[in-house]
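Undergrad: Quick one: structure below, then a few questions.
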Amino acid sequence: MRYLKGDTNNLKGLWLSSLAIIILSGCSDRCGLLDCDCPGDEAAILETEDLDFTGGMGGKGVPDPDTISLASVTAVTTNVSNKRSKPDIKMEPSAGRPMDYQVSVTVIEARQLVGLNMDPVVCVEIGDDKKYTQMKESTNCPYYNEYFVFDFHVPPDVLFDKILKTLFTSLPKNLLRSGTLVGSFKLDVGTVYSQPEHQFFHKWALLSDPDDITAGCKGYVKCDIAVVGKGDNIKTPHKSTETDEDDIEGNLLIPEGVPAERQWARYYVKVYKAEGLPKMNTSIMANVKKAFIGENKDLVDPYVQVLFAGQKGKTSIQKSSYEPIWNEQIIFTEMFPPLCKRMKVQIRDSDKVNDVALGTHFIDLRKIANDGDKGFLPTLGPAWVNMYGSTRSYTIMDEHQDLNEGLGEGVSFRARLLISLGVEILDTSSPEIMSSTEVQVEGVPKISESATGKVEEFFLFGAFLEATMIDRKIGDKPINFEVTIGNYGSEIDNVGKPSPSGGKKSGGDGDEEESELIHGSSDEEAGDDDNDLVSVSATPPMKPVITDRNYFHLPYFERKPCIYIKSRWQDQRRRLYNANIMDNIADKLEEGLNDVQEIIKTEKTYPERRLRGVLEDLSNGCSQFLTLANKDQNQPGRTKLDKERLKSCMRELESMGQQAKTIRTQVKKNTVRDKIKLVQNFLQKLRFLADDPQHSVPDIYIWMMSNNKRIAYARVPSKDILYSGVEEETGKDCGKVKTIFFKLPGKKGFGAAGWTVQAKTEIYLWLGLNRQRKDFLSGLPNGFEENKMLKGPGSQSAPPISLTYMMKQIFQLRGPFVPGSQPVAADRSGLSDPFARVFFSSHSQVTEVLNETLCPTWDQLMVFDNVELFGEVGELRDDPPIIVIEIYDQDTVGKAEFMGRTFAKPITKMADEHYGPPRFPPQLEYYQIYRGNCAAGELLAAFELLQIGPNGKADLPPIEGPTDIDRGPILPVPLGIRPVLSKYRIEVLFWGLRDLKRVNLAAVDRPRVDIECAGKGVQSSLIQNYKKNPNFSTLVKMFEVDLPENELLHPPLNIRVVDCRAFGRYTLVGNHAVTSLRKFIYRAADKNGNDWNVHGRHTHTHTHGLLRHDALQRSEGIPDNLPDEKGGKKKKRKKGGEEVEEEELDESMLDWWSKYFASIETLMEVYPKELENEFDYFEDWLHSFNLFRGKAGDDEDQNVADEDRIIGKFKGSLCMYKVPVADEIQREMGFDSNMGMFQNIPTNDPINILVRVYIIRATDLHPADINGKADPYIAIKLGKSDIKDKENYISKQLNPIFGKSFDIEATFPMDSTLTVSIYDWDLVGTDDLIGETKLDLENRYYTKHRATCGIPSKYSIHGYNVWRDPLKPTQVLAKLCKDGKLDGPHYGPGGRVKVANHVFFGPTEIEDENGLKKQTDEHLALTVLNHWEDIPRVGCKLIPEHVETRPLLNPDKPGIEQGRIEMWVDMFPKDMPAPGPAIDISPRKPKKFELRVIIWSTDEVILEDDDIFTGEKSSDIFVRGWLKGQQEDKQDTDVHYHSLTGEGLFNWRFIYPFDYLQAEEKIVLSKKESMFAWDETEYKIPARLNLQVWDADHFSADDFLGAIELDLNRFPRGAKTAKQCSINMILNEQDVPMVSIFKQRRIKGWWPFLARDENDELELTGKVEAELQLVTAEEAEKSPVGEGRNEPEPLEKPNRPDTAFLWFLMPFKAIKNLVCNQYFWLTIKLVVALLLVLILGLFIYSMPGYMVKKLLGA
């Protein structure tokens, strides 16, 4: 019953020595016996009459209980293990604590962007951080391949709600205009984190335009997004060849289950009103105002703010109102389903300085919708949502403001808000739709009062039976408890007293209805006099009494204080009832599953029977839900969500019940583990369904007050204590006494402060309708009298204010402490002086202090006499109070330090029960110790509670301790509980110590290792000079010890390293506790055990395709550059099934990289993680134990602190077996009895090695420079060798290819850790470490997996695949057979070899460099080596030729990967023949090519211009072309003017030289990023040719007409004629034969030009006849050609028709066209205007003359 959490080395804990805590009276819910007869669900111990196992046995009666063996029954529905005696209580809040995260986004490329000839830029935005890619010119399918990293240190919820946005902007051609948004894509970070491996890899995000939702898809961007938290490691698929034939539609960036076609939708959030807002006062001025003017307004101006998918909507502000009414709706327009999981609704208080949040509620969209076939769109309410946050008392600086923002668990009720939410899918084609996604706010009609349900009066009753473990720090002022439900009971709000208007506070109804409700209750059972009932919400203050050094308790004794509160809420109990039924099913299921796992863990028999019982309970529970949940259908206030949720819950539970029945029939012994996984999915689903998104009654808060200051709180969900007449619907804690631990509010609870218990109370709570009140005391332990507040008439119905207990039970608690496991190190030395303190009820006792131990073993029985427990016998027997055990470290100075805590429940024996099997004496159990939220070890103990009957202690079973121990007053553990012991021999292999750091500033010089287990031990020999040789001279020592027969109870074994200094002083260096010895137990039956592999062999399940070459050829994924054996012609399979001949491959062309790129599972293994992970850390016989020193850190930095606490390693091994020794073991021990089980291990003398480190490349490095890049170089350190390859840094690369090997000479054991680091080169200042990885070379060297030099799949003596190992395969095989004492190898005729009765076949000829064939056995030997794991007894997988991928870590950012490095290490001993030269893995140099493109002609180009003179449509055509990434090298043809048919003749040649990497199919560019860049940056870009057709304009910008992009590796073969050339060549690529210019070398044909029309549809805009020719740089030098039509090899001038000057030849026709056709009306208007001007001119001209004549009368 041991829970080892994670790596045992990190497991801290306490081994408590025989903690026989036997407590008298009370009973545990579970017994630890194998065939125990407790039906654990009722927890009643089986009496004979209980034995009707109707659950799983078809109701057969069963005889005498002690003879029952459940083994004979098929399904067991009762608990078998003692799991329930271990309550799992976590003390410290984990929500709201900031953590480190890294979000990395790689923008690879974009396709199909809408828009012509754009210059796109991508902006990646997370929250407020933005990062931009570079601009790409003139393309709508840009290729970026840029990597961005965002670092965050925030709580998980905050990060997961952040919106990740990808914005595509097209930059304008001139600098004055701002860019236009092409499209955007957004999702929240939480969606990425919930993906498998926390990442999207190579997925296409669909871009849409937020300003125009009718526009549809605006393009696709291909990206990787990954979110890494501490300790997550991301697996990247091996990126060898990225095929560019990406299926966009099938690879969209959306989570599974989301449809590819997402639609636009409107989300309507209606906000009606709020109630119960806290009395805020955000300005001091308000108080001043009130003092002077006497104005007493509500001092809060609330508004509601809703955040969704990165958008924000606000309602209006309601001035000065504690009960604001808005009646408004906020409308969001967003895709559906949205990729954002939560909507955040906040009530905020408006203030001139800064607005503060009053409360926050998150709406989880997954909970209010269902995406199944019969699902429903998100809908909610109208319903009240309760908001929780900081305390309601107002302070100017609220220390818990974070809680109001929704971070962490709220500590008090803040307000409730009436909202509803609906979604409407938009039909974007309808004309009246608004196309923008702006948030809108508009009014909505008032909601009717009954819409949220009928208001009922609820009654809450609580009784405090005990308050203990009150932290002494609080001080001894009087303490009381205050209980609130909503605002009722809160002394600040004073809502406890209902007056006709006062009750309005949370009822929400008008005065008339309210008072009618109160006064009209006479017909209900409570009676009329109930109106005067005043709520009592706080217990009377009481001075605490000292329990011990750390804790107080309150002296309640017989008189238990009570509280009761009447409150009014809408009656929505059905929601809570359904949740309770599902929670009940889930609790039972979880308990059953824990039980099954416990059975498996403790290796009890028949786990499958218990699992069948669990499934049976589940299907019964589901059918029960179906009958109960459908009640109260017509209750007022049922919302659409209630109805839909009910339907979907019923469907889910029905199918779950069916599946449970089916699975039950399939459970077999061998399928138990798989089925448990399936059933765990059910459990998650049940928990998900049980959480109702619509609230009803708020949760109950209990505050502990000291001197009227709020100290600590506990929160009780209202549904857990809700009463119902139907048992299944009742809350799990309703009417029961519960142990409640109080905790500190908000951030105060983080860290060490949160480790202490603030108070432990036993509370009885009951919540129900006022009219159901008659039963509210029924669950209390019997034997009390009620004390009323008022005496006199009518007091019968009033609840009591306190209870006086007449009846009590006296018990004795016994608890044996036994050996404990490794605790948290508490002192600087890493040891501790622990003692345990046991609390039960108000009693506490302490064990003795053990000095300087790592694993305390107390072996002590603690007896608590005369424990008074109140309550009924049966109750105490079924559910005894919790025992708290705290472990402290005694310090000589100062107070004891807290090390951890665990909880337990005793097994109870009543006075009239028999003390004997199966329940007594109790079994020893492991209890997990927690410190904060972190496991801190385990405690081995047993607890029993024995009732003291009428005869006093005489009836109790005697305490029989071992007689030989005399320890004074300390009682040893009784014999019945002591485990049975056997004698074991433990052999220890002492190999050496490594990496010891300084201790107290002095270097360790003469260390020794002490091994101790259960009081016995052995010491190693002394290392005389650690610097010269850190290995031990004596290898094996052994000792004998008595250990329990039950392996699960074995104590830990301690490894302690001390440094022997001058004058006989010893200094402790570090220590390690081996918590589980099971893996070191020698099992002789295992015949496969190798001699030196003491612990059974490590088999590998990886079957890698490392077979002969013919198999390799069959595998399809091999690229074209792998040769056949003979280097002859090789066929490559095509998709279409046809085969194309390829040209002969030249063997000399191939290099190591050919093998690497072909390596995926064929020629060479590429491991996605560290090599040691695949091979069990190479600990097949030599183990490494980390030595710790110093105090363990806070759990926040647990992993970090552990790293810092490691002070070195002890290398060695253990082997244990029972004595006397069995014969087989005797035989195994063989010759050298000094070596014991460790026969045949090599000596540990120093040995010289040549280490050859090959570094291939690094990927996804963390950017180190401001520009988002890094300049990485390699640094290698081994022993005294320190290599920094600084001059060969790679400029501005996050994915550098190094391709280097380094030779280092080393001596084991001194130089055994190899550190490979990547640094960032800086021109000024020191270089920064990006990340490093450490390899333990020694374990690799000595492992039997032979990790010195990987074994290739094929043997050759020359060429790229040459054999690297100095030993040939035949020599390696002969040595392995000799070491393993195997018969063989025998080489036979016909290519066969026999090893240990296994026959292998293989080729027997080899070809040398000159092509001559020779006979050889090497191939045969290699075949055996590649299948060495098939050899019996000694076989294991030998390490193949490989590349390992290691994560790079940086000490400043612990636990978060900073990139990865691909590498491998070869090691060659110096005393063997020298190895050949290192393999050349230098990066391939790109090959220089020249692409010659001749544009012969165009046809059917669309005509853009209208001729001024002739009116005909025409275009002035020219063609532009460039290679992707080389936009600055774009070339244009000359212009074919005035084409009337779209035909253009050019005969023009473009020439593009480029460097090309054939293996990666990428063009390599080197250019400076900017004029200030220090050096050139290398880019790799896909080889794509862009051709565009343009219309030339003289006075305005040229018009873009169409474009085509040809991927030079795979583009459609050109059509023979212009007629055959169509748009389908591009749209239906799969039907067109594809060609590669790198294979065809020359191709001529017609290709279509395409552009998008107004509807974003692709249309044909022209055709081009072109000829593509690819020549190598050498060929280009031999036969040069000229650009355009220039020499050499000029092209002839095209014969263009003279349409350009047509108007010149036919002037009349041109004029007629101008006047009559084009400008007819304009001409008429001009003529009329001219006439008018003429008349006006004449008038003005003649006017003066006429005037004179008139005047002079002439």
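Cβ atoms are placed via backbone N, Cα and C, with glycine included.
Note that the coordinates shown come from a computational prediction; the quantities given were computed from them, not determined experimentally.
Grabbed the feature section from TrEMBL, which reads as follows:
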- 523-532: compositional bias 'Acidic residues' (COMPBIAS)
- 83-205: domain 'C2' (DOMAIN)
- 244-379: domain 'C2' (DOMAIN)
- 795-920: domain 'C2' (DOMAIN)
- 967-1093: domain 'C2' (DOMAIN)
- 1232-1350: domain 'C2' (DOMAIN)
- 1471-1622: domain 'C2' (DOMAIN)
- 490-540: region 'Disordered' (REGION)
- 1113-1141: region 'Disordered' (REGION)
- 1675-1694: region 'Disordered' (REGION)
- 1-28: signal peptide (SIGNAL)
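Context for these features, please: burial, neighbours, distances.
TA: Model confidence over the domain 'C2' (83-205) is summarised by a mean pLDDT of 84.
Residues 1490, 1492, 1494, 1497, 1531, 1533-1534, 1536, 1545-1551, 1553 of the same chain lie 6 or more positions beyond the ends of the region 'Disordered' (1675-1694) yet place their CB under 8 Å from a CB of it.
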Undergrad: What are the DSSP helix, strand and coil residue counts for the domain 'C2' (83-205)?
TA: 17 helix, 60 strand, 46 coil
Undergrad: Please determine whether the domain 'C2' (1471-1622) and the domain 'C2' (83-205) are in contact (criterion: at least three Cβ-Cβ distances under 8 Å, sequence separation 6 or more).
TA: yes
Undergrad: Mark yes when the domain 'C2' (1232-1350) and the domain 'C2' (83-205) have three or more Cβ pairs under 8 Å (sequence separation 6 or more) and no when they do not.
TA: yes
Undergrad: Per DSSP, what is the helix/strand/coil residue tally across the region 'Disordered' (1675-1694)?
TA: 4 helix, 1 strand, 15 coil
Undergrad: Using DSSP, what's the helix, strand and coil tally for the domain 'C2' (795-920)?
TA: 6 helix, 62 strand, 58 coil
